[in-house]
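Remarks on the structure that follows.
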Amino acid sequence: SWGGPWLLGLLARLLLWGSPGARGSYLRRSSSCMPIPQSMALCYDIGYSDMRIPNLLEHETMTEVIQQSSSWLPLLARECHPDARIFLCSLFAPICLDRLIFPCRSLCEAVKRSCAPVMACYGYPWPEILNCNKFPADHELCIAAVSMDENSSSRRMPRASCQDCELEEASTAREILESLCANDFAVKIRILRRNTTTTISDFDLDPSKVEVLKHGPLLRTEIPARLQQWLDIDATCAHNIMRGTQAGVFVVSGDVQSDKVVVNKAYAWQKRNRNLHQAVRRWKHHRCPEQAE
């Protein structure tokens, strides 16, 4: 299947390209076109059907390509950058044209800026094989960032938290109260999923349904905006909390870290969570240990 705005943009640039100084590597005789197999989850259904072997990372066999590319799937699951898949597939599964087309240096740098911190969370450095200096400058023939083409330069790129955020079980009211005491802020909020196909920044805070339990170093009036920022930049956390639902009410608590908030605990506000209801009722009169001293 051939599709996607980034692919159409690339083909348009190829038709217009004629600069003798532009960098486009001519194919080696041993290079051949092969269908992208369904077992290559990273790049199957990316927008084109055939790829070059060997690829731009010098993988010689499809077995090696599938094995090496699968190790990047957990990073994509963290949704660290909207162009991460395009960048990786331009290397693992280069489009089958009469020359090899590299990703632009700026695309590499944009993806690295957002994704390298996520890799660092798990102890992995940005690999040397993806050294951005190896790739051509934007004025040369190369695959550029897609997010800019969609008038989304103002859209925040996700700066993923190292915290794997999941819904907590509302164990006992006392434990919940202790958790609220241990965090900078605690708020009861309603989150809505937008009707969109994008996987990044697709959640909205309902500003009419914000109940501040504890504001800590934040001003009460700035909490809705700060929590919307959290929904925008920590998409993985929001997805885990929502669990595929369209809307939900949650009690979330977390810390303030320089220019952003990080949610550490999230509880679903449901009738069966009696301990959570009890904790929120008791919170108004609860004194945290440091307050009691």
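Cβ atoms here come from the backbone N, Cα and C positions, even for glycine.
Per TrEMBL, the features are as follows:
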| type | residues | note |
| --- | --- | --- |
| DISULFID | C43-C89 | disulfide bond |
| DISULFID | C108-C132 | disulfide bond |
| DOMAIN | 28-145 | domain 'FZ' |
| DOMAIN | 162-288 | domain 'NTR' |
| SIGNAL | 1-24 | signal peptide |
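Close to C89 (disulfide bond) in the fold, though at least 6 residues off in sequence, lie L42, C43, I46, each with a CB less than 8 Å from its CB. Sequence-distant contacts (6 or more apart, same chain, Cβ under 8 Å) of C108 (disulfide bond) comprise F87, L130, C132, F135. Confidence across the domain 'NTR' (162-288), taken as the mean pLDDT and rounded to a whole number, stands at 86. Just so you know, of the disulfide-bonded residues C43, C132, the Cβ with the fewest other Cβ atoms around it within 10 Å is the one at C132.
Per DSSP, the secondary structure of the domain 'NTR' (162-288) breaks down as 45 helix, 37 strand, 45 coil.
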